[in-house]
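Q: My structure is below; once you've seen it, I'll send some questions.
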Amino acid sequence: MSSENERPEQGPTGGAGEQLALIRETVRKAEEPRAKPRSWRAAKLASGLPVARVLVDKGLIHLDQFFDYSVPEPMDEQAQPGVRVRVRFGARVVRGRREGGELHDGFVVARLPESDYRGPLAPLAQVLSPEPVLGPELLRLCRAVADRYAGALADVVQLAVPPRHARAESRAVPQAPAPPAKPDPGSWARYATGPGFLDALATGANPRAVWTALPGPHWPDELARALAATLASGRGALAVLPDGRAVARVDAALTALLGEGHHVVLTADSGPEERYRRWLAVNRGAVRGVIGTRAAMFAPVADLGLVALWDDGDSSHAEPHAPQPHARDVLLLRATDEQAAFLLGGLSVTAEGAQLVDSRWALPLTAPREQVRAAAPLVRTVGDGDQARDAAARAARLPSLAWQVTRDALLRGPVLVQVPRRGYVPRLACERCREPARCARCAGPLELAESGALHCAWCGRPEAAWHCRECAGTRLRAQVVGARRTADELGRAFPKVPVRTSGRDAVLARVPDQPALVICTPGAEPVADGGYAAALLLDGWALLNRPDLRAGEEALRRWLTAAALVRPAAEGGTVVVLAEPGLRPVQALVRWDPAGYAVRELAERAELGFPPVSRMASVTGTAAAVSDLLENAQLPDDTDRLGPVPVPVAPPGRPRRMADPPPGERWERMLLRVPPGSGGSLATALKTAQVARMARKHFEPVRVRMDPPDIG
DNA sequence: AGCACGCCGACT
DNA sequence: GTCGGCGTGCTC
């Protein structure tokens with residue numbers, strides 16, 4: 001959209017002099033040193049479509065407007081829709097004399113015969129490159145994502161189009177290979193509708209499925225076969241995975257299936273030039289298969305036939321940059337808009353996945369029960385009350401069952417031990433009565449430092465002599481212990497067994513098929529060649545006690561991820577989870593029924609009016625700013641307003657984040673909730689009100705966020 | 001956002 | 001007279 005200013009047309013005030021400065025640069029660049037036009041319009045312009053509509057990268061992006069520029073004749077051919085350009089922006093009249101503004105980067109979004117802007121158009125300053133990097137299809141996707149998230153188009157474009165690298169552009173890309181042959185179903189045969197799904201992809205149809213993958217090592221190959229089947233139809237295929245290790249596994253599987261040349265990998269760790277080179281190969285249509293991490297969700301695959309997303313519950317699928325689009329939503333938009341097949345796969349199922357099935361938008365792609373039984377390990381639970389009788393088990397802080405399983409399994413292969421990540425360590429509590437340990441001064445939660453010293457997590461005050469307020473007990477209970485301590489203690493308990501760790505800063509991809517204790521935090525589990533003999537899931541208490549809507553779903557997801565690396569029960573594979581057996585996520589793990597869990601989770605959320613059945617938005621800022629925005633927003637009639645609640649300030653020690661109020665300011669947050677189907681109008685209303693606020697120059701900031709992730 | 005305009009009161 | 005507060009409008 002261009003602005004619709006109805007200002008009276010500016011007359012030819014001031015004559016040639018005032019425009020001269022403005023056109024000088026363009027004229028020089030266009031190598032027309034003699035041109036002396038009396039106005040911008042009079043410059044030698046492209047004859048057919050002399051106007052370029054431009055998305056200007058910086059400045060005013062909140063207003064989400066395009067700006068029209070004239071196209072100097074020498075740029076006519078190159079200034080096609082999608083190319084990067086430089087324009088002068090912010091020009092103004094200073095004492096009756098126009099001064100050219102700053103140079104900004106932008107993208108041509110359209111060429112037009114004329115502009116609806118009633119004023120003189122400035123010329124494009126430069127075509128940076130003739131490469132059409134923001135083609136009509138990608139632009140439409142960015143627009144749809146911006147609308148869905150009440151965000152600005154330019155913000156989304158910045159996520160979708162990688163930074164330019166001139167050297168990569170100058171290199172030719174190889175010719176696109178002929179479509180490969182249709183792959184065999186392989187282990188898809190284990191799923192009732194698996195081979196049929198591949199057939200549909202290969203014949204050019206657009207099936208949509210929510211796939212509950214069987215545990216074990218086969219899912220990367222199965223995902224690769226779905227991509228290959230789509231490529232066999234002559235169409236493009238895109239798969240988004242949560243991290244580089246998962247990408248590497250699918251890449252290896254697809255390369256084994258098709259060889260080189262049919263696909264590229266788009267991840268951050270290939271470096272900016274190489275990544276841009278691959279992205280260009282996709283954009284130019286030379287490669288039709290893409291496997292990548294989050295940013296690849298925007299990959300401009302030509303003639304897209306399939307979008308696939310693996311493990312949509314993983315938090316890395318949520319883009320951290322504004323407007324924080326989620327890969328699942330972006331791919332859903334693409335499947336609908338670009339009429340592609342859709343495959344949402346994972347070892348677990350999110351409530352969102354269950355909703356796609358519930359609404360009949362997608363079909364479930366699951367294996368029959370006997371296949372699940374054949375592939376899954378035996379899962380045993382250990383409740384909180386079980387005490388270790390064995391002295392060695394006590395020393396390792398393990399219940400006897402966990403101890404026995406570990407000892408037996410270590411004779412047959414590696415044992416995976418999943419421990420909570422730092423930061424997930426729950427609060428300390430009184431050993432006797434379980435009352436949470438609180439700071440005597442500010443009632444903040446107490447924390448145990450690595451040194452063993454006790455201090456308050458809010459005010460930082462060291463606590464030298466804690467005693468329980470309820471029962472006057474003096475002993476604390478650390479419900480879970482950190483990775484390092486667990487590693488130390490297990491190592492001492494099994495002195496002949498090597499201990500390996502895999503965590504945030506040093507993630508192991510694989511471990512060999514030999515007895516070893518493999519200690520890891522959730523998400524960093526190495527794959528064991530031949531499968532683990534057993535797994536201990538020690539973080540149940542920590543995962544399930546978080547005050548989060550998704551705590552149960554997330555706990556189950558992490559357990560399934562670890563447990564799926566264990567050998568099937570028939571081969572002795574055993575999983576021990578330390579959590580109360582009566583809890584729903586624990587039962588779902590024991591029965592290995594992630595889809596059933598998700599269905600119940602969805603039903604419960606529907607009943608409580610929670611997302612994803614209802615849609616929500618959060619509005620954060622000072623009380624005055626929040627109420628101003630909401631008063632002026634045309635919210636849907638059935639909007640439910642929850643709050644406001646005060647936004648907590650950043651605790652001392654933690655660096656201030658964007659979502660934290662600035663020091664000394666008090667922010668509050670309103671939650672808005674709408675019934676199913678009204679999410680779009682809620683986003684539109686908030687966006688419109690936000691734009692109006694900006695234009696009115698009320699610039700006390702208000703943060704608008706669709707689908708906020710952290711609702712309690 | 002960022003910057004120049006203009007309309008007000010207080011000053012050399 | 002003239003300097004400078006900040007409220008307002010504009011950017012193709």
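Backbone N, Cα and C atoms are what each Cβ position is placed from, and that goes for glycine too.
Pasting the feature list from TrEMBL:
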type	residues	note
BINDING	A:CYS430, A:CYS433, A:CYS468, A:CYS471	Zn(2+) 1 binding site
BINDING	A:CYS439, A:CYS442, A:CYS456, A:CYS459	Zn(2+) 2 binding site
DOMAIN	A:54-162	domain 'Primosomal protein N' 3' DNA-binding'
REGION	A:1-20	region 'Disordered'
REGION	A:635-663	region 'Disordered'
Q: Between A:CYS439 (Zn(2+) 2 binding site) and A:CYS468 (Zn(2+) 1 binding site), how far is it from one CA atom to the other, in Å?
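A: The Cα atom of A:CYS439 (Zn(2+) 2 binding site) is 10 Å away from the Cα atom of A:CYS468 (Zn(2+) 1 binding site).
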Q: Whole-number Å only: compute the distance from the Cα of A:CYS430 (Zn(2+) 1 binding site) to the Cα of A:CYS456 (Zn(2+) 2 binding site).
A: 15
Q: Expressed to the nearest Å, what is the distance separating A:CYS471 (Zn(2+) 1 binding site) and A:CYS456 (Zn(2+) 2 binding site) at their Cα atoms?
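A: Counting only the Cα atoms, the answer is 20 Å.
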Q: Looking only at C-alpha atoms, tell me how far A:CYS468 (Zn(2+) 1 binding site) is from A:CYS456 (Zn(2+) 2 binding site), rounded to the nearest Å.
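A: One finds 15 Å between the Cα atoms of these residues.
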Q: Just give the helix, strand and coil counts over the domain 'Primosomal protein N' 3' DNA-binding' (A:54-162), going by DSSP.
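A: Each residue of the domain 'Primosomal protein N' 3' DNA-binding' (A:54-162) counted once, the result is 27 helix, 39 strand, 43 coil.
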Q: Sort A:CYS439 (Zn(2+) 2 binding site) into helix, strand or coil using the DSSP assignment.
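A: Its secondary structure by DSSP: coil.
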Q: Counting other Cβ atoms within 10 Å of each Cβ, which of the binding-site residues A:CYS439, A:CYS471 scores lowest?
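A: Looking at the binding-site residues A:CYS439, A:CYS471, the Cβ with the fewest others within 10 Å is that of A:CYS471.
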Q: What does DSSP call A:CYS468 (Zn(2+) 1 binding site) in the simple three-state scheme?
A: coil
